[in-house]
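Scroll down for the structure; my scribbles are underneath it.
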Amino acid sequence: MATGDDIPTFKLVLVGDGGTGKTTFVKRHLTGDPEKKYVATLGVEVHPLIFHTNRGQIRFNVWDTAGQEKFGGLRDGYYIQGQCAIIMFDVTARVTYKNVPNWHRDLARVCENIPIVLCGNFVDVKDRKVKAKTITFHRKKNLQYYDISAKSNYNFEKPSLWLVRKLLGDPNLEFVAMPALAPPEVQMDPTMVAQYEQEIAAAANAELPDDDEDL
């Protein structure tokens, strides 16, 4: 854990296929320092995001690939000293979920046992292809999973809160002020939200498949 301005600071590695909403996820947060840094050697943007908790302020330096993943795998320098990670996929594109194990493998190889959240983005889109019952990778690898929607801010604070609790070893830690987010561009249908949450709860109790048919 690095400290800058006496604020506990963690390197958060954000990975996933191109077009899954990683940059949008970062830019929806208005808590970031506009002085983002660009690491030209790695083709990476580093966005500082500050969260206010009952344990004081916490800063994530979020490493965003700036589209580099479209040209093949990321360099190890992107992952080195990563202390936590978010793997993002698009629930409307099955191939982005099928590639999750590849991103996890690279993270595990370089960063070993860091807390990781898997996020299925674009759950505001009605034509969902990757259903809750088929999302089992996180259970096999002991990751946390959340449905999220970048455009509606649905569940947006949950990945960050879960990671902070893990990093500080405090399951009771809370945000004292909700993260400042850009206004939602779309509204989630409450009926759809209730259905998805019910499906995720049911999937959490279902038996895991023996093989990787879910991928």
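Note: Cβ is positioned from N, Cα and C throughout, glycine not excepted.
In Swiss-Prot, the annotation region 'Switch-I' applies to 36-44, one of the ranges 9-17, 36-44, 180-188.
As annotated in Swiss-Prot, region 'Interaction with RANBP1' covers the listed stretch 210-215 rather than the other ranges in 30-35, 54-59, 210-215. DSSP gives Thr23 (GTP binding site) a helix state. Regional average pLDDT for the region 'Switch-I' (36-44) in the model is 66.
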